[in-house]
């Protein structure tokens with residue numbers, strides 16, 4: 001047998017052995033997550049914006065599971081808060097007062113001042129900023145959640161948070177806010193004649 005063939009067979013057997021060893025270790029030392037936290041995290045909008053006071057949606061879900069309030073997620077809105085309250089078996093509360101008083105804002109990059117450092121792109125949790133290194137960047141306003149995380153890393157301070165007023169182009173129905181009464185039909189008794 002040639003030396004090359006022996007080396008290939010030996011490396012293949014080593015790779016197979018270590019693969020089986022890693023697979024066994026993954027099963028043996030598996031850490032079970034909290035299923036309630038997983039369900040809560042699935043309900044949250046996954047913007048990782050930090051407006052709730054936690055660094056992301058997973059830490060906020062863990063805090064809710066440990067008894068924190070369910071009304072701290074402005075991007076999720078009332079619908080998300082009601083789903084969280086239903087899952088946790090608590091009464092829905094109005095959204096956090098700070099979140100309600102704020103007008104929706106989106107990031108705006110003054111493109112003539114942008115140096116293309118990409119720090120804002122790296123900071124954006126929803127990939128709402130596009131651009132390339134050494135070229136100007138711009139914000140996709142439809143995707144921007146207004147989390148404000150892109151402002152601080154900008155070395156030339158060319159990002160502003162601009163309030164967005166509602167107009168005919170960006171207004172949409174808040175269907176969950178419309179009160180609806182469900183009426184159940186009762187079977188009518190047959191009239192005897």
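Glycine too: its Cβ is placed from the backbone N, Cα and C atoms.
For the region 'Hydrophobic' (1-26), the list of distant contacts is empty: no same-chain residue at least six beyond its ends comes Cβ to Cβ under 8 Å. Residues or ranges marked as region 'Hydrophobic' in Swiss-Prot (evidence: sequence analysis): 1-26.
The domain '4Fe-4S' annotation in Swiss-Prot covers 32-90 and is backed by sequence analysis.
For residue 52 ([4Fe-4S] cluster 1 binding site), the number of other Cβ atoms no farther than 10 Å from its own Cβ, over all displayed protein chains, is 23. Sequence annotations record features per position, and here Swiss-Prot assigns [4Fe-4S] cluster 1 binding site to 49, 52, 57, 73.
Counting residues of the domain '4Fe-4S ferredoxin-type 1' (105-134) by DSSP class, helix then strand then coil, yields 5 helix, 7 strand, 18 coil. The domain '4Fe-4S ferredoxin-type 1' annotation in Swiss-Prot covers 105-134.
Around residue 114 ([4Fe-4S] cluster 2 binding site), the same-chain residues six or more apart in sequence whose CB sits under 8 Å from its CB are 131, 136, 137, 156, 158, listed in sequence order. The annotation [4Fe-4S] cluster 2 binding site is assigned in Swiss-Prot to 114, 117, 120, 154 on the grounds of sequence analysis.
Taken from Swiss-Prot, the feature [4Fe-4S] cluster 3 binding site applies to 124, 144, 147, 150. In the three-state DSSP scheme, residue 150 ([4Fe-4S] cluster 3 binding site) falls into the coil class.
What Swiss-Prot lists as domain '4Fe-4S ferredoxin-type 2' is 136-164.
Confidence over the domain '4Fe-4S ferredoxin-type 2' (136-164), given as mean pLDDT on the 0 to 100 scale, stands at 90. Each of the binding-site residues 117, 124, 150 was scored by the number of other CB atoms within 10 A of its CB, and the lowest score belongs to 117. A coil conformation is recorded for residue 52 ([4Fe-4S] cluster 1 binding site) in the three-state DSSP classification, outside any helix or strand. Under the DSSP three-state reduction, residue 57 ([4Fe-4S] cluster 1 binding site) is assigned to helix. Each residue in 44, 45, 47, 48, 50, 51, 54, 56, 60, 72, 74, 75, 76 lies on the same chain as 49, 52, 57, 73 and has a C-beta within 8 Å of the C-beta centroid of that [4Fe-4S] cluster 1 site, without being one of the site residues.
Note on the region 'Hydrophobic' (1-26): DSSP counts are 24 helix, 0 strand, 2 coil.
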